[in-house]
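**Q** Swiss-Prot feature annotations, pasted as is:
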DOMAIN    8-161  domain 'Exonuclease'
DOMAIN    241-496  domain 'Helicase ATP-binding'
BINDING   Ala276, Ser277, Leu278, Gly279, Ser280, Gly281, Lys282, Ser283  ATP binding site
MOTIF     448-451  motif 'DEAH box'
DOMAIN    703-893  domain 'Helicase C-terminal'
Amino acid sequence: MGMATYAVVDLETTGNQLDFDDIIQIGITFVRNNQIIDTYHSMIRTNLEIPPFIQALTSIEENMLQQAPYFNQVAEEIYDKIKDCIFVAHNVDFDLNFIKKAFKDCNIQYRPKKVIDTLEIFKIAFPTDKSYQLSELAEAHGITLANAHRADEDAATTAKLMILAFEKFEKLPLDTLKQLYYLSKQLKYDLYDIFFEMVRQYDAKPLDKSYEKFEQIIYRKQVDFKKPTTNYNGSLKSLYSKAVDQLGLTYRPQQLYLAETILDQLMHSEKAMIEASLGSGKSLAYLLAALMYNIETGKHVMISTNTKLLQSQLLEKDIPAMNEALNFKINALLIKSKSDYISLGLISQILKDDTSNYEVNILKMQLLIWITETPSGDIQELNLKGGQKMYFDQKIETYVPARHDVHYYNFIKRNAQNIQIGITNHAHLIHSDVENSIYQLFDDCIVDEAHRLPDYALNQVTNELSYADIKYQLGLIGKNENEKLLKAIDQLEKQRILEKLDIAPIDIFGLKASMNEIHELNEQLFSTIFTIINDSDVYDDDIHRFHNVFTFETKDILKDLHAIIDKLNKTLEIFNGISHKTVKSLRKQLLYLKDKFKNIEQSLKAGHTSFISIKNLSQKSTIRLYVKDYAVKDVLTKQVLEKFKSLIFISGTLKFNHSFDAFKQLFNKDVHFNTFEVNTSLQSAKNTSVFIPSDVASYQYKNIDEYVASIVSYIIEYTTITSSKCLVLFTSYKMMHMVQDMLNELPEFEDYVVLTQQQNQNYKIVQQFNNFDKAILLGTSTFFEGFDFQANGIKCVMIAKLPFMNKHNAKYWLMDSEFTSTFKEYVLPDAVTRFRQGLGRLIRNENDRGIIVSFDDRLINSNYKNFFEQTLENYRQKKGDIQQFGKLLRQIQKKKK
């Protein structure tokens, strides 16, 4: 890297408006030769007020700046320190523009010769990181950042991460480094100089044996699993005893019974349903049972989970902990569908693509580094989003496999027999088909959180036609010979003429005209759907924030679909007899579009259940058309029930009305199930109270203000008495945001953090909620389950309404045809299950004490109240007004002490 000096700068300011706001703190960390050699830090005085938000974010208050210098008093000193350095910052435009403006106000012209953005560096160096926010990068890479948004600490942290990135680059194979150098020329900043120096100073040596080469790609060699050699002659009971002892867990006879029950069902190839109480530690039980089954029979077990979070917990936490506790080496692997794994031929094609797009260029560099690291080739490791994901998905769709391609899915297949425990999720379990032969290698399966299977099956059987997706897919082809795939075809035709290639002539002008007509026909199709929406009854789905049309005539839609399919067929005829790879890519894209339209057309003609969804009633671009192709019961029967010899469904909430019948009826085949109820929980009924307010008016949809005000009053009463955190669960965003707005305006909550559910941010919000002592979390259906509520004081879960799906919910509409009485057989069991899951958020260990507040009087006044009351049999129940609620809180608080 030479002896260049990097000035890693971080600024805190009064805001982000360059012409108005001021710098209030500057931190600089100087780096040379991958070593921190110096630091500089100063508070900066300003005559502007520091907004409360900035004070809260930075912990910098106005009195801290009283003795600090103004920028013009330290400008010369700072300039002298950084003038000959490479200027570095995280999101560099912000810091660079602010400091240049500050220098300019002091009559100093600052123009760094080279500029580096660490956001760019970190995206390339750490391609699998979930976030590139500085605090989350620091946590992911083991760097302590005690005070985020303080300039000195942020600058030092950025510098340490930059050093890690540079060291990682320097260890890469030379061919990879050279490709990064060439690609870096297309970046926004001066990273190419850094890569050039690394290439120039590279100590040439043979390629390390841990790597192999495919075309121009250096990739990490895949190491096959060794056949398991678990030497154990004891019983499951002794295995369980050793595990809980070494892991520091409580010995629970019922947990052992659960493990023994699962093992017995596996050994006898049975099909079983097991309800194991929430907070039971069931994952340890089924992991030990699966391991013991493998030890005794040599057969491996598939475990399907509900979420990626639980998948990760099993693979990265629970199984490694078992390995250490038992001194075993358990071969466990995440198993997905073939399309979830990378092929090196696809990466090669992406690298050769001449798309001049910044995000695509970053993606190419990420792929080059990722493929030197990944043992699995699991595409989801890359956490692709936005334009990168759309580009990548399109490349997968149009990829024509290269000769001698290296596909990582084949590694999974090759090692399947040596895997003791396979981990998958419900979506992959249901989606797997004949091509995914890895699933056929497992005869035994444990399905955790089995009550969620129908939701994933419904997603699987529902086909979608989206304006945004079709528009994007058409855009990848282009409208003229200067765009995307049409450009490649145009270049091929020119090459055919110049080089006399042995392929038939391509009618470029005809192709261009056809594509323009396809674009127009697509616009016509969605304009027709848009007109139908405007002429129909529209129902709001508040949970998903969409507007739905359930009843509509399909004649005009079918007419437009027929026209666009016909045009696609005629366009495909242009390429008859041409087998060139460029033509194959375009044909594949056109066939993808044709199949999309054709599947929807066939389903609509057959009269399958369908509905139209639109996010914004004034924007055609937000339209989606959904069609249900198959019955959920058929898919669950074929893809799950008939696939395995032994099959164990396990959940904390499988029963409804003291019976497993509601879950059994999700399969349209009369199969005998062994059923078990195992109470392994540490939960004690005396620790938990259910309070039902008597002074809250019944919910009225047209006027919910009074209902919302009552909820807020109870939150005030709870926080005033306990000073503890509270989880409030809603069935609509509208009510959630009404409560949020009221809480934010009340002085009682000035020292509370009010958090609300946000799209794709739930994991982060849960972390924040669990870290704060005084916090209120407002959430919808997502938080009714799969959420570990941590608190030192009293715990409180408030349920605004019973979690019934609205009759205008798309799920209700799609499932209606599968039941004689949809409400009794599907909606009511679903609501009771979700309610039970909500109750399960409260007590997670023997020391927890808490209270559940249910505001919905249907819990005690409806004709179906008995089904909910059954779920509360183990809880102490009390009905009363807000004064009695306060009295109960004080009693619980006294016991807690």
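Backbone N, Cα and C define each Cβ position, glycine as well.
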**Q** Going along the chain, which residues at least six beyond the ends of the motif 'DEAH box' (448-451) come within the CB cut-off of under 8 Å?
**A** 273, 282-283, 286, 303-307, 310, 426, 649-651, 653-654, 663, 785-786, 833
**Q** Let me check the 10 A CB neighbour count of Ser283 (ATP binding site). How many other CB atoms are there?
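**A** Taking every protein chain into account, the count is 19.
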**Q** Under DSSP, is Ser280 (ATP binding site) part of a helix or a strand, or is it coil?
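**A** For Ser280 (ATP binding site) - judged by DSSP and reduced to three states - the answer is coil.
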**Q** Just how many other Cβ atoms lie inside 10 Å of the Cβ on Lys282 (ATP binding site)?
**A** 25
**Q** Return the count of C-beta atoms lying within 10 angstroms of the C-beta of Gly281 (ATP binding site), excluding that atom itself.
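**A** Looking across every protein chain shown, the total is 19.
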**Q** If you count other CB atoms within 10 A of each CB, which of Ala276, Ser277, Ser280 wins among these binding-site residues?
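**A** That would be Ala276, with the highest Cβ count within 10 Å.
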